[in-house]
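Peer 1: Reproduced below are the annotations present in TrEMBL:
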type     : residues  : note
TRANSMEM : A:36-59   : transmembrane segment
DOMAIN   : A:98-307  : domain 'ABC transmembrane type-1'
TRANSMEM : A:102-124 : transmembrane segment
TRANSMEM : A:136-156 : transmembrane segment
TRANSMEM : A:196-216 : transmembrane segment
TRANSMEM : A:237-260 : transmembrane segment
TRANSMEM : A:286-308 : transmembrane segment
Amino acid sequence: MTELSSNTSASLASNVGEKRGYWSRVGRDGRKLGKWFVAPTVALLIFIVIFPLLMQLYLSFTWWTPLDGVPWYQAYESFNWGENYLILAYDPAFWAALWRTAMIMLVAVPAQFFLGLGLAYLFIDKFPGRKVFYSIVLTPMMVVPAVVGLMFFLLFQGTGPVNDSLGLPASFSWLTDPNRALISVIIADTWQWTPLMFLILLAGMLGVPSDQLLAARLLGGSNWQNFYKIILPRMKSVIAIAIVLRLVECFKIFDLIFIMTSGGPGVATETISLFLYKKTFADLDWAYVGAVGLAVLIVLSLIAAFGLSRVAKNKG
Amino acid sequence: MSSIQINNVTKRFGEFTAVSDLSIDIEDGEFVALLGPSGCGKTTTMNMIAGLEEATEGEILFNGQDLSHTPIQQRNIGFVFQNYAIFTHMTVYKNLSYGLEVNNVPKDQITSRVAAMAKRMNLTHCLDAPAASLSVNEMQKLAIGRSAIAEPRIFLLDEPLSNLDAGFRAYMRSELKVLQREFGQTMIYVTHDQIEAMSLADKIAIIDQGKLMQYGSPLEVYNNPCNRFVANFVGSPKINLLDGQIKGANGSTKLITQGGAEVALQGKISSDFAKLKSSKGGSIGIRPQDIYFGEKRASDDIQLHGYVEELERVGPKRLVHLQVHRTQIVAEDERDALSIGDEVEFFLTADKCMAFDLDSGDRLTGGAA
Ligand SMILES: Nc1ncnc2c1ncn2[C@@H]1O[C@H](COP(=O)(O)OP(=O)(O)O)[C@@H](O)[C@H]1O
Ligand SMILES: [Mg+2]
C-alpha cells in the first residue's frame, strides 16, 4: 500500500516535472515562432502609424503645395531646410491661435472639472430620481458636436433665448462680439463635456470604499474634511486621466466653433484646428500645415506625458 | 461614556424585516456581546446604534437622550468595522491622528496622544509606514487604536476578530478585555462565535432572525436558556436535544423519539412537560457534562441504554458519541473507560434536563409539581 502510493506520487511528480519542461520548451520555441506570426501585423501597424507622420515631416521641410503640379514624393525638389518651422516661430496668426486655444483649455477644462466634481459628489448618495437625473446629465455628451454648435448658435442669436431670458436687447451680441464669442464657445463646450468629466469622476468617487467614508464620518470628520482628505486623494489617478483627456480634446476643438462662429468674428475664435483648416483649404499651404501639425503633436504629447506620468507615479 | 437603551427597535428593508422589536438595556461601562448566526441582524443593529442606519420603529437612547437627529460626526461613537476600513492611502500615523485632526485638537496634543496610542497598540515601529502595508493583525490593532484615540462615548466592534488567524485571535480576545477595562467605555461587540461572546462579555444578547432570544450574563444564558435556539447555540460541546412525542400524564410521562426510543420521565422534568400544548412534541436538552456513567446518583435521573459509536478527545476531556435507537447523544466520559462498540447504561442528571416545546422552541418550566 505504502509502496504503491509512494510510487504513484513519484510518477506524478515526474509527470509534472516533465510537463513543466515540455511547456517551457514550447514556450521558448513558441515565443520565437510567435514573433514571426505577429511580424506582418506589427509591420502594418508601424506603417499605418508612422508613415503619415514621416510623410508630414518630409513635406514640412519643403515649399510643396498641390498646385505645384509635382507629385508629393518629388517634393524634395523644393526642399527648404526647415524654413517652415522658422516661419511658424514668427507667425503671429499661429501664436494667436495657440493662445486662444490655451484660453479655452484653461477656462473650459477647470470649469468642467469643478462642475463635474460637484455633480459627481451629489450622485454618490442615493436620492429619489437618481437614475433619471443621471441619464439627463449625460445627454449633452451624446449629442453630435456639430449639432451642439448649431444649438448654441441659435441660443446666442441677438433675438435668441439667451438674450430674451436675460432681458438683454437684441443688439447685445454674443457671437459677433470678439470677447463674448470666445465665452459663448467655452459655455457650449462646457455644456457638452461636463457630463464626461462627471462620468469619469463619479466612477472614481464610487471607487472610494464606502466603509472608509463612514469610518471617517464616525471619527468626526465633516463632509468637507472627508471629501478633501479621503475622497480626493484616492481619486488622484482618475482626476489626472479626466483632465488630460479633456485638455487634449479641448486643444483639438473644431466642429463646435466651426458652426457657431467659423472662427470669427475676424479671427476672435480661431483656434489651432480652425487655423489649420484655413491654411489647408483656403491657402493650400500643405507643407506649412505639416509643420504646424507636428508642432501641435509635440505640444499635445507633452501634456499627455506630463499628466499620465503622474498617474503612473500614483500607481507605484 | 454612556448607557444605551434600545427600545422596541424594528428595522425593515422594504418588505424584509431585518430587526424586529428589539429591546436591550446596556449600562454605562458594560461589555455587551450581540451573538447570533450570520444574517440575523447584528450588523444592522450596530449600524442603527451608530446612526449609520435609521430605525424604522422604536428609539435608541444614550444616557436617556435620543441622538437620532444628531449628525453622525457629533455622536462621538467609536466603530470598528468588520473589515477595519483602514485609510489605506495614509500612513499609520495619519490614520491614528485623523479623529483628532478633524476635531481641531492642538498639534502638540495630537503628537503625544498618537505616540501614546501607538505604544499601547504596539504600532510605534510602523508609524510612518503606509497603512496599506500592514499585516491583517496590525490593521486590526490600528482600527481599534484609531477609534479609541478620540475617547468615544461608546465603542462598537463588528466581528473584529473573525478575519484573524487562531493564535492572534486568542491574543486579541484577552487584549480587548484589558482594553475595555482600561478605557472603561461601554462596549458592544458583535460576533457569531459563542465562545468569544461567553469569554468576553458581561452580558450577551442572543439574536435570531432579527428577534432577541435572550439577554443575560454568560452563565445565565448557559445554565438557563429560555428557549431551544439559545440552548442549542450556546455551549461547546453542543447541548444534546432529544426530540419526540410526549405520551402519558401525571407521574408516568414518556418521550418517544423518532427512532423509537422510549425515555421515561419522572419528577420535575415530567411536570415541566405538563405545560406542553403543541402537538408537534417536546424536546429534552441536556449538556454533555451532565450525562454520567456507572451508578445512578439520584432517583429521578433518566436511565438510557446505548452503544458507543465514536470517541473523540477534546483537550483533556473525552467525548463519547452514543447511539440510542438512531438518536445520537454526546456525553463527557470522566472515567475514560469506554471503547467503540461497547453497550452501556448511562444517566441524564434530572436537575439539568431542560424541557422545550418543539413547535415554538419555548422553555417549559414549573408544571403542577
Ligand atoms: N441595506 C440592506 N438592504 C436589504 N437587506 C439588508 C440590508 N442590510 C442588511 N440586509 C439584510 O438584513 C439581514 C441582516 O443583515 P446583517 O445585519 O448584516 O446580519 P449579520 O447578523 O450577519 O451582521 C440579512 O438578511 C441581510 O441580507
Ligand atoms: Mg455582520
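For all residues, glycine too, the Cβ spot is worked out from N, Cα and C.
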Peer 1: Six or more residues beyond either end and a Cβ under 8 Å away: which residues meet both conditions relative to the transmembrane segment (A:237-260)?
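Peer 2: Counting only partners 6 or more residues beyond its ends, the transmembrane segment (A:237-260) has Cβ contacts under 8 Å with 101, 104-105, 108-109, 112-113, 116, 144-146, 148-150, 152-153, 156, 175, 181, 184-185, 188-189, 192-193, 196-197, 200-201, 203-204, 207, 269, 271-274, 277, 296, 299-300, 303-304, 307-308, 310-311, 314-315.
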Peer 1: Among A:36-59, A:102-124, A:136-156, A:286-308, which stretch has the highest count of C-beta pairs below 8 Å with the transmembrane segment (A:196-216)?
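Peer 2: Going through each listed stretch, the top one turns out to be A:102-124.
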Peer 1: Go through the chain and flag residues at least 6 beyond the ends of the transmembrane segment (A:286-308) whose CB is under 8 A from any CB in it; none is fine as an answer.
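Peer 2: Result: 53, 56-57, 59-66, 75, 84-85, 87-88, 94, 240-241, 243-244, 247-248, 251, 272, 275-276, 279-280.
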Peer 1: Using a Cβ-Cβ cut-off of under 8 Å, list the residues of the same chain that are 6+ residues beyond the ends of the transmembrane segment (A:136-156) and lie near it.
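Peer 2: 119, 162, 174-175, 184, 187-188, 191-196, 198-199, 255-260.
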